[in-house]
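Below you'll find the structure, written out as structure tokens, and then a few comments.
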Amino acid sequence: MMANDAKPDVKTVQVLRDTANRLRIHSIRATCASGSGQLTSCCSAAEVVSVLFFHTMKYKQTDPEHPDNDRFILSRGHAAPILYAAWVEVGDISESDLLNLRKLHSDLERHPTPRLPFVDVATGSLGQGLGTACGMAYTGKYLDKASYRVFCLMGDGESSEGSVWEAFAFASHYNLDNLVAVFDVNRLGQSGPAPLEHGADIYQNCCEAFGWNTYLVDGHDVEALCQAFWQASQVKNKPTAIVAKTFKGRGIPNIEDAENWHGKPVPKERADAIVKLIESQIQTNENLIPKSPVEDSPQISITDIKMTSPPAYKVGDKIATQKTYGLALAKLGRANERVIVLSGDTMNSTFSEIFRKEHPERFIECIIAEQNMVSVALGCATRGRTIAFAGAFAAFFTRAFDQLRMGAISQANINLIGSHCGVSTGEDGVSQMALEDLAMFRSIPNCTVFYPSDAISTEHAIYLAANTKGMCFIRTSQPETAVIYTPQENFEIGQAKVVRHGVNDKVTVIGAGVTLHEALEAADHLSQQGISVRVIDPFTIKPLDAATIISSAKATGGRVITVEDHYREGGIGEAVCAAVSREPDILVHQLAVSGVPQRGKTSELLDMFGISTRHIIAAVTLTLMK
């Protein structure tokens, strides 16, 4: 950077001040037009946004999604009007469009989403922006090895979220010197003062304790902000935090630093007078042109990834699907150099260590911080820069559900791998057993849910997920199970496999993972009694192959049994019931885990909770008696 970036001339300083006031005016008009909106939060951040967008950040005005642009994340998404106002000043949004804030069919929503080309991730659920910023910064520093920088504007109130400090620890550990977090310390939260109010020095101490380079500035002093952002650009091997002391509602008489104005526009009868007051402080009509970025990001391709060779397993081989996951990822990493894997300190249990051993430069250890791991994955995947797989015990994704939910709103392309599913986890104990994960991921919009049952189908699930738009979840299991498919078998999303069938099938049994193998064993026992059953492997639980299930049910007298290593609520059985709900004369009998499990051997627990071979045989017998 040039010296005048650190100390801009008098004219530039005045234009930045004037721009900040125009941002306030845009925010006032937009919130008045909508009748609601966090105007006061916009006003406290006006100088920060002015300096970032028109002095510090480098980006192409006409191409907001360019890979070399600096990134900006508004973690405090409720201040969206100030972001939209900035893009009015840039020239990408018209002033008339800004007046459609929060209206139906307008992309200018209450909180920003990637429906807008200048928004990388959806925000509004507080405490998540910095984690995604970490993912962007990590990608820029270690994968793209490019010049772009990442700026995250946060509110002081959201610093109460633990995920913020997970992100702080991550950024410090990985020396993300291309990352700048700005705390807008405006003293007030939604319903009252923030816990530390204007204790900016305490925020500074917290940031420094996490190993961040930190500056404490007057957030309404554009010269001080320019200086701080320039200094941040000179620091090596440390992320920077700028603690900006501001006032909520800055510039608005009787509202500045006053409580009970969060989420409220100024009264319409006062709006014109307030706008005129702010306009009277504007001395120029000039605009500053953003600097162009350094174009040094590599050209990449993350589409149409092919298997380099068929799966190397034979029918009858025994291997756990969660181990196959690690082997398949390492193989996928050879097919495309933009495949990355994130772990929450479980690589030796989930077998992602196999990928790490082969591709160490593309493995990201996120330690025991699952919320941040998901946020980092979201950030890494923005602008199509990586194919991200994040793995953990599936049970621990529950604590990151809000991040997953926001990832869906962000239209994120990330892949989550959940291991140690169900009571088949066995002696590792109940706290490690995922029994709610299918319900959780099935509820996420546009999320594809894979449940492979052997090594062949697991490898296919990995490749399909890598090529699938949107979020994907792959459920893997700990017990070793037999390979039942040949290497030549083809798999598709939404297409089930009928793995056992005959002309005289009496009942359709649907199982996945370990319970598919229990179902096949039950079918063998029943055939010795002269009872033929059809066995289906759904492969994907969402979308579910309703056509195959319905046709099989009709072929077996409308008799269907589902068996799953999951709670009844939200699992395979309920998915099947929904699929056949409009079909007359189809009866679904569900076998699922009920109650809180306990530690034990896999076979003991499958039997104790009614999902073993013995219970499937009993269910078939009972169904045929009705």
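Placed from the backbone N, Cα and C atoms, the Cβ positions cover glycine too.
Non-local neighbourhood of H262 (thiamine diphosphate binding site): Q38, T40, S41, L188, G189, Q190, S191, K248, each in the same chain, at least six residues away, with C-beta under 8 Å from its C-beta. In the three-state DSSP scheme, H262 (thiamine diphosphate binding site) is classed as coil. Per Swiss-Prot, thiamine diphosphate binding site is recorded for S41, H78, G124, S125, L126, G157, N186, K248, H262, E370, F396, Q432.
For D156, N186, L188, the entry in Swiss-Prot reads Mg(2+) binding site. Classification of D156 (Mg(2+) binding site) by DSSP places it in coil, neither helical nor stranded.
In this view, S349 (substrate binding site) is surrounded by 18 other Cβ atoms within 10 Å of its Cβ, with every protein chain counted. In three-state terms derived from DSSP, S349 (substrate binding site) belongs to a helical segment. The substrate binding site feature in Swiss-Prot is assigned to H262, S349, H420, D428.
What Swiss-Prot lists as site 'Important for catalytic activity' is H262, and the listing cites similarity to another entry.
Secondary structure from DSSP puts E370 (active site, proton donor) in a helix. Feature annotation from Swiss-Prot assigns active site, proton donor to E370.
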Shell list (Mg(2+); ref centroid = CB of D156, N186, L188; cutoff 8 A): S41, S44, G155, G157, D184, V185, R187, G189, P193, A194, E197, T246, K248
Most distant Cα pair in Å, residues S41, H78, G124, S125, L126, G157, N186, K248, H262, E370, F396, Q432 binding thiamine diphosphate: 45
From D156, S349, E370, H420, D428, the recorded positions whose CA lies within 10 Å of that of N186 (thiamine diphosphate binding site): D156
Largest tally of Cβ atoms lying within 10 Å of a Cβ, found at which of the binding-site residues L126, L188: L188
Same-chain residues at least 6 apart in sequence whose Cβ lies under 8 Å from E370 (active site, proton donor): G344, A392, F396, F397, R399, A400
Greatest inter-residue Cα distance in Å for the substrate-binding set H262, S349, H420, D428: 48
